[in-house]
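Trainee: What follows is a structure written as structure tokens; I'll ask about it next.
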Amino acid sequence: MLRIYNTITKSEEVFKTLNNEEVKIYVCGPTVYDETHIGHGRTYVSFDIIRRYLEHIGYSVKLVINFTDIDDKIINRALNLNVTPKKISEKYIEIFLNDMKTLNVKPADIYPKVTENIPEIISFIDKLIEKGFAYKTDSGVYFEIEKFKDYGKLSNINLENLISEDKLESKSEKKNRFDFALWKNKKSGEPYWKSPFGDGRPGWHIECSVMSMKYLGEQFDIHGGGRDLSFPHHENEIAQSSAYSGKNWVNYWVHTGFVMVNGEKMSKSLGNFVTISEISKKYSPEVLRLFFIQRHYKSPIDYTEESMEHAKASLQKLYNVIESVRIALENPVNSVWDENEAFFYNVLKNSKINFYRAMDSDFNSVNALKTVFEVSNSVTKYLSVSKSPNVALLIKTLDFFKNVGEIFGLFEGYFYKSSNVKEESLIKFLVDLRDDLRSKKNYETSDKIRDGLKELGYQIEDSSKENTVFKKINI
């Protein structure tokens, strides 16, 4: 039973979807004014693994990741380079999507842009004003946090303390220092859109509320992002979204930990970041994915050359083990079942159980990865003591690694390269081996191969007149 840590309740909860087998997820996307660094990469790889696991255990996932393509940072970058904000945003959207492809992050179902949803944003703000949660000033429209009594629940901030400690300058138009902008009236030289409250552009927080509701509905399952977005961004999103609909907007809040460099968060503002394109020149994307997987998604992770080299060596070890299993299958194999087979079978069976148990416990990749190396070490030992390994065990071992690869986004270079040619070659080898065993009337072993292939999704069709036929089936 899957359990997820919910930031808003500060507890691990049994995961229950709003709509049967479909999971709707919204992850805050990048403000596209610069290149993607590995701190961003960790967030999107983490949610990619969450998405992959949910799909693996039978859910249908609808994922939305937005692009903030109009913002102060984008405008300032455009002014400095004497180009339009659109030119800046389009450039870095393309870079982001290429970086995600490099990292083997599965594409979102929808990548909405702020500038393509302005009418919906204006309508949303208009309703908040109508319901008394927002007010107009000469500089724009603000959300009045005092009107939303649950403000601060996500980030554990006391609303009364915020209000009592507030000291506004007399010249401020806001009723409270923490009231946040829904709409910013235009300034000279900046892009703007016409609205009932004046020409201008959206504030940062409003965009995610509007786009998530547009594509996922007024209530959905999971909202995520980096831990730094918890306050004020996600707190403000909750306030305006719940005020708008009167409903509980999101069921589970999921936040990823920081990538740290010398004890500080990796960030553009500190200048201590490494871009995806830079690190990809030195390490394969799978090394970076394994580096992330070695820590729980909620925990901070220290980026060092040593940690990257460790991840590189660990990945190579796993590839070597998978290749050794494949080579063993190319040599004569049998159905012998003695204490060596029994011992390894129990390791494999228990490791598989513990892998899923770990992933069901808030996607605990750390404990899940331990089971992968348990299988790796055990099959290495098994192959070293067995002159003729058991074919069914070897098939199950490859199947285990393939499932791990599908969930973690690893082993692409082995299982999925060249349109699965390697897999089909292996299956054909096993089918031919089975034919040979049948011709020698070794039906016990040939039946085990048939059953093992069926578990992998291949159906055997025997014929007395021609070679055995195999075909892929849904399992």
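Glycine too: its Cβ is placed from the backbone N, Cα and C atoms.
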Trainee: Would you mind telling me which of 30-40, 272-282, 305-315 Swiss-Prot tags as motif ''HIGH' region'?
Mentor: 30-40
Trainee: Quick one: which of 10-14, 85-89, 265-269, 360-364 does Swiss-Prot have down as motif ''KMSKS' region'?
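Mentor: Going through 10-14, 85-89, 265-269, 360-364 one by one, Swiss-Prot gives motif ''KMSKS' region' for 265-269.
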Trainee: Validating a neighbour-count step here. Other CB atoms within 10 A of the CB of CYS28 (Zn(2+) binding site): how many?
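Mentor: For CYS28 (Zn(2+) binding site), the 10 Å Cβ neighbour count is 20.
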Trainee: Restricting to the same chain and to sequence separations of six or more, state which residues have a Cβ under 8 Å from that of LYS268 (ATP binding site).
Mentor: ASP34, HIS37
Trainee: If you count Cβ atoms within 10 Å of the Cβ of CYS208 (Zn(2+) binding site), leaving out that atom itself, what do you get?
Mentor: 27
Trainee: Note the Cβ centroid of CYS28, CYS208, HIS233, GLU237, the recorded Zn(2+) site, then list each other residue of that chain whose Cβ lies within 8 Å of it, in sequence.
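Mentor: Apart from CYS28, CYS208, HIS233, GLU237, the close residues are TRP204, HIS205, GLU207, SER209, HIS223, GLY225, LEU229, HIS234, ASN236.
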Trainee: Need the DSSP three-state call for LYS268 (ATP binding site) to compare against my parser.
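Mentor: Once the DSSP labels are grouped into three classes, LYS268 (ATP binding site) ends up as coil.
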